[in-house]
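Features as listed in TrEMBL:
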type	residues	note
DISULFID	CYS40-CYS67	disulfide bond
DISULFID	CYS291-CYS303	disulfide bond
DISULFID	CYS298-CYS316	disulfide bond
DISULFID	CYS310-CYS325	disulfide bond
DOMAIN	40-154	domain 'CUB'
DOMAIN	171-286	domain 'CUB'
SIGNAL	1-22	signal peptide
TRANSMEM	344-364	transmembrane segment
Amino acid sequence: MVHGYSLLHVVASLLIIGLSGATKKEAVKNNSGVKPAGQCGTWVKEGDGGLFTSPNYPSKYPPEVECVYIIEAPPRLCIDLFFDERYSIEPSWECKFDNIEVRDGPFGFSPIIGRYCGQTIPPFIRSSGRYLWIKFVSDGELEAIGFLANYNFTADPDFGDLGMPQPLPFCEFDMGGPEGIVESHQITRDGKALATEAVDCKWFIRAPPRSKIYLRFLDYEMQNSNECKRNFVAVYDGSASVEDLKNKFCSTVANDVMLVSTTGVVRMWADQGSRRSRFRILFTTFQEPPCEADAFFCHSNMCINNTLVCNGIQNCVYPWDENHCKEKRKANILDNLNNTNGTIIGVTCCIVLLLLIVSIIVQIKQPRKKYILRREEFDPTMFQEVFEPPHYELCTLRSATATGASADLVDLAEDFENYHALRHSSSRCVHDHHCGSASNPGSAHLSQLSLSGRGSRGNLSMREAATLLTDLPPQPVRPLLPNVATGNRRSILVMKHSYSQEAADNGCDLDDDLEDVPTTSHRLSRHEKAVQRSVSIDF
C-alpha cells in the first residue's frame with residue numbers, strides 16, 4: 001500500500017509538472033497582463049482566452065485600489081469580453097467614484113468604449129483590434145463585491161479572407177553596451193525570417209545596473225501607415241509583457257523614448273504584405289547625475305560614457321556631446337583661417353563690390369550722355385522742308401450785295417474763264433511750288449502772287465483777288481442766261497500749294513494728272529464740279 005501510494009504520488013506529480021509546463025507555454029502565447037501584479041485579483045490565462053477578477057472577488061474589494069488589465073490577442077484575432085452575473089460596483093452619477101473603464105487599444109488614451117458601475121451588468125464588448133485596456137478604480141468608502149470578466153479570442157473580420165496566419169518564426173535579439181543600433185534589417189541579415197514571412201520580432205536591450213536607456217529613431221517608415229493591425233513598432237519598459245508597453249508607433253511619425261528601467265524591448269510586427277516597413281533606432285545607456293569621473297554630462301540629466309563624445313553620432317538628447325569637436329575632426333579650409341586671412345578676404349570683397357557698383361553706375365549714365373550730344377548736333381533746318389506739310393491757301397470771291405448781282409455777273413463769267421485757264425496750266429506740275437509758263441500771263445501773275453505769299457496760311461482778301469483778275473487780258477465772254485436769279489451768292493475756291501524750291505526747279509510732264517496726288521486732286525475735282533454746277537445755273 002505504501003508503494004502504491006508512492007506510485008500514485010509520483011504520477012500525480014508528473015501530471016502537475018506537465019500541466020504547469022503546458023500552462024506556462026500557453027501563458028507565453030497569451031501575452032495579457034495586469035498592473036500592479038499580485039494585487040489585482042485573479043488572472044487565469046489560456047490559449048484562446050482567460051478570465052480576471054477584481055481584488056478579493058467574490059468578497060468586497062478593498063478601498064483605494066487602481067488596477068489596469070491589458071489583454072492582447074494573437075495576430076489577426078480580436079477580443080470578446082463579457083462580465084459574470086455576480087457583478088456589483090458602488091453606484092454614482094456618471095460613475096465618478098468606483099468604476100470599471102474599458103478602452104479599445106493598449107493604452108489609457110485609446111478610444112474609450114465605456115465606463116460602468118452600479119448593479120447593471122456591462123454589455124458584451126468586442127475589440128476592433130488585438131488589444132483591450134481595462135482599469136478598475138475604487139475610492140475610500142462604500143465597497144462592493146466587484147466583478148468577474150471572461151474573454152476569448154475570435155477571428156478578426158478584417159482578415160476574414162486571409163484566414164489564420166502561418167506559424168511565426170522565432171525572432172529575438174539581445175543587445176548591450178554603452179550604445180548600439182537596433183534595425184529591422186537585422187531580421188533578414190541574421191536569417192531570422194524570410195522577406196515574405198510575417199514577423200513578430202523582439203530586441204532585448206540590457207543596460208548596466210542603475211542605468212537607463214535612451215532610444216532615438218534614426219529612420220522609420222511603415223509600409224501601411226495607420227494600420228496597426230498590419231504593422232507597428234512597440235517599445236516596452238521592463239519586459240515584453242503587455243502591461244509594460246510604453247509606446248506603440250504605426251503612423252508616419254515616431255518619437256524618441258526614454259526608458260527608466262535597465263531592460264528595454266523593441267518589438268516589430270509586420271504581416272506578409274507589410275515587410276517593407278523599416279526602422280532604425282540608436283540606443284544609449286546613461287545614468288542620472290552626479291556623473292562619475294569617466295562620464296560626460298549631457299546637460300539633459302544624462303551622464304554618458306566618455307567614449308561616446310565626439311564620435312560623430314549624437315548620443316545626448318541635444319548635441320552637447322558633438323559640440324566643440326573641431327580638434328578631433330579633419331581640418332578644413334575654414335579651420336585654417338585666422339584673423340589676418342579673414343581681414344584680407346573681407347577687404348578684397350569690399351573692393352570688388354565697390355568696383356562693381358561703379359561699373360553699373362557708368363553703364364547707366366553713359367547712354368544718356370550720348371543722347372545729349374546727339375541732340376546738340378541736331379539741326380532742325382536740315383529737315384524743315386522735308387517734314388513741312390504742304391500749305392493750302394484759299395481765295396474766295398463773293399458778290400458783295402444782292403443789288404449789284406446783275407452787274408457783277410459779267411465779271412464773274414470772266415473770272416470763271418480765267419480760272420479754267422489757270423487750272424489747265426497748273427495741271428503740268430503737281431508737286432512744284434511755281435507753276436505756269438510765259439504763254440499764259442494769268443499763270444505768271446498767279447505765280448508771282450504765290451511767291452509773294454509763300455508760307456502764309458491766311459486767305460487772300462477780296463481786293464487782292466480783284467487786282468489780280470483786272471490785270472489779266474480780256475477773254476471772250478459767254479452770254480449770260482436771262483433767267484439767272486439775282487439774289488444768289490456764288491463762291492470760287494482757289495487752292496494753292498506751297499512746296500519746296502527744289503521741287504519748283506524740276507520740270508513736270510504734261511501727261512501728269514492731278515489724280516496722282518489724292519489729297520489735292522480730289523479736292524480740286526470736287527470744287528470743279530461745284531463751280532461747273534454754279535456756272536450752268538448762272539448762265
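Cβ from N, Cα, C; glycine included.
The most densely surrounded of the disulfide-bonded residues CYS298, CYS303, CYS310, CYS325, judged by C-beta neighbours within 10 angstroms, is CYS298.
A mean pLDDT of 92 is what the model gives for the domain 'CUB' (40-154). Comparing Cα positions, CYS316 (disulfide bond) lies closest to CYS303 out of the disulfide-bonded residues CYS40, CYS67, CYS291, CYS303, CYS310.
Checking each of the disulfide-bonded residues CYS40, CYS67, CYS310, CYS325 against CYS303 (disulfide bond) by C-alpha distance, the shortest gap belongs to CYS310. For the pair formed by CYS40 (disulfide bond) and CYS291 (disulfide bond), distance between Cα atoms is given as 39 Å, rounded to the nearest Å. Among the disulfide-bonded residues CYS67, CYS291, CYS316, the residue whose Cβ has the fewest other Cβ atoms within 10 Å is CYS291. Neighbours of CYS40 (disulfide bond), defined as other CB atoms within 10 A of its CB across all chains, total 20. When the disulfide-bonded residues CYS67, CYS310, CYS325 are screened for a C-alpha within 10 angstroms of the C-alpha of CYS291 (disulfide bond), no residue qualifies. Each residue contributes its Cα atom, and for CYS325 (disulfide bond) and CYS67 (disulfide bond) these two points are 50 Å apart. When DSSP labels each residue, the domain 'CUB' (171-286) comes out as 11 helix, 59 strand, 46 coil, counted as helix, strand and coil in that order. Looking at CYS67 (disulfide bond) and CYS298 (disulfide bond), their Cα atoms lie 37 Å from each other.
If you take the Cα of CYS298 (disulfide bond) and the Cα of CYS310 (disulfide bond), they are about 12 angstrom apart, rounded to a whole number.
For the domain 'CUB' (40-154), residue counts in helix, strand and coil come to 3 helix, 55 strand, 57 coil, using DSSP.
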